[in-house]
Every structure is written in structure tokens, then in C-alpha cells.
Amino acid sequence: MDKFWWHAAWGLCLLPLSLAHEQIDLNITCRYAGVFHVEKNGRYSISRTEAADLCQAFNSTLPTMDQMVMALSKGFETCRYGFIEGHVVIPRIQPNAICAANHTGVYILTSNTSHYDTYCFNASAPLEEDCTSVTDLPNSFEGPVTITIVNRDGTRYSKKGEYRTHQEDIDASNTTDDDVSSGSSSEKSTSGGYVFHTYLPTIHSTADQDDPYFIGSTMATRDQDSSMDPRGNSLTVTDGSKLTEHSSGNQDSGLNSTSRPGGKPRVPEWLIVLASLLALALILAVCIAVNSRRRCGQKKKLVINSGNGKVEDRKPSELNGEASKSQEMVHLVNKEPSETPDQFMTADETRNLQNVDMKIGV
């Protein structure tokens, strides 16, 4: 009996987990020239093989580049990477720093990650915008998974079934990649860091190596005026920003300018020469000021020694006897501001200015 309750408890614990694995939410957008975007469970969780199966379940196929460009010209844009035939792309009409690296047009990503959203193409859809609710997954087959279709207007339709034909996609149903960005509040996604990797050859390596090649075009000039980007990793056909301003309803607020941030502005050569001349003039002015101060800073000092001068400056007495001599010496000195000993220039102007009493004796 205890063993029965033990197994029952384990079954109740595992039941929510099994139910979680059997729930799939598919968020879809309006159709533009038959092309629409599908997001699974609010995150990047669709492999390339599952993308083909999912489009097949919607009675659709992966769109080609031409079909994606046509949808773009009708106003279709998102901020989510998704599979098309042979590429992973974002269609952009309005530039945004967090969407397609601020590019416009069909932005093509080359990356080594494996899970994204997907784009699908329904050939029977109207050529213009079509936002009617999708209520069925016509080509799904029997299965235990609860599949819920979430339309842009919020309506939801659920059914039991399965659309995946590859076992590895079923086994890896919980494997997801990090999100790149969110296009609008209606797209259930979380913003996060993402590094773009380019595999195209470049002549000069640059600091921003997050630029896969880029195609922006209109239907009229799609096959003309192809040119290579100066950095070697962008292919521009025409400017996708010339397309109609009408979009799929998920345009972002606070859009940035279409111009890409370039390198640092170069300093004009004439400004460098002018700065050098000013610096040289300043150095010369300082040198002249210091030299003038040294010349004008000389001081003349008059020193009068009364009675006791230096020994070498004294004159030996020519007088005999006990008479003492007193000498006054006047020294005219050039006082230099340096710390060297004072040098004196001595001039004796008076000698023996005394009355000598002589004793006359025999």
C-alpha cells in the first residue's frame, strides 16, 4: 500500500512537467503578400527543419528572398530573426538600433546558432495586407501536443495534434537560444545580448564585426545597381528606406536616424599646423621672458668694511712702531642671483688717512 502511494506521489509530481512539454503557443502576424511571421513559445526555439514542418502545417512554405522583398514593399517588418529559404533574416522599413543593426530592407544574418523564429509564405493569401484570424492548422496530424494559435488581435485557437516530423526537434523542444531583440509589445520576447558573426571576406578588420551582408530593395530596382559595401561585408542593392511608410503595426517608437555611425572625425591638417605654431610661439615667449628676467635681475651691492676686511684685501703696513692702522675699504660688488660666492672688485680710495705721531729720538 505504501508503495502505491509512493508511485502516485511521483506521478503527480511528473504530471505538470509532462503537460508543460505538450503545450506549444504559435504567435503569428498579419500576412503581407502572403508572408507572415511565426514565433514559438515567445522565444527563439525553432530549428530549420522544424521551420519547414511548421510552415507546411499552415499549408505554406518557407518564403524565398523575392517573396520576402515583395512583402517588405507591402509594409511588412518585424524585429525578430526568422528562417526563410536559405537565410535567416529581419525585414525592416524603419531604422532601429536594436533591430537589424539599424539597417533597413531585408537584413540577412549569418550565424552559427540554430534556433530562431520562422517566416512562412501562403500562396493563396491576398497580395496586400491580410489580418484575418487564423483558426486552424490544416496540415497537422494526430499527436498529444496542445497547439495554440495566437493571432495579432489576441484571439486564440487551440487543437491537439503534432506538426514536427523530425524526432530531434521533438526531443529538443526545450532547447532555446538567447533572444536578440523585441520588435513590439505584442511580440513575446525578451531583450538580450547577441553577437553577430560574419563569414564574408573582409579586406580590413574593423571594430564592429557584427555586420552580416545586407539586402535592401524595391521591386522596381531589385536587380540593379548592386554594389559592395566599403567594408566588404554588406551587399546593397537599393535603399530599402524608400519603401512605403506603411508597416505591419509593430513599428518602434523613438527610431534612430538611417545613417550608420561612422568612424571618428579626422582633425584637419591646418588645425594641427596652427596648434604646432602656437605651441612653438609659446615656448619662445617663455624662453625670452626667463632670459630677460635674468639680465634685469642683477643687483649691485655696496659693501663697506670698517677696520676688519679680509686678510688678502689688507695692505701690509709700511710703518714701524706701535702705531695701529685702521683701514676703510670700499667694495663694489656685482650681485648675481645665482648661488655662487660673491666676487668682489676692491678699490682702496683712501690710504693711511691718519696722523702719525713720530717720536724723534736720538
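Backbone N, Cα and C atoms are what each Cβ position is placed from, and that goes for glycine too.
Residues annotated as topological domain 'Extracellular' in Swiss-Prot, with sequence analysis given as evidence: 23-269.
What Swiss-Prot lists as hyaluronan binding site is ARG43, ARG80, TYR81, TYR107. The DSSP secondary structure for TYR81 (hyaluronan binding site) is coil.
Look at Swiss-Prot and you will find 158-169 tagged as compositional bias 'Basic and acidic residues'. Only residues 6 or more beyond the boundaries of the compositional bias 'Basic and acidic residues' (158-169), in the same chain, are considered here, and those with a CB under 8 A from a CB of the stretch are 47, 49-50, 53-54, 56-57, 136-137, 139-149.
Per Swiss-Prot, the feature transmembrane segment maps to 270-290.
What Swiss-Prot records for 291-362 is topological domain 'Cytoplasmic'.
Mapped onto three states, the DSSP output places TYR107 (hyaluronan binding site) in strand.
The hyaluronan site in the record is lined by ARG43, ARG80, TYR81, TYR107, and its two most distant CA atoms lie 20 Å apart.
Candidate binding-site residues: ARG43, ARG80. Fewest other C-beta atoms within 10 angstroms, ARG43. Here the Cβ of TYR81 (hyaluronan binding site) has 28 other Cβ atoms within 10 Å, regardless of which shown protein chain they belong to.
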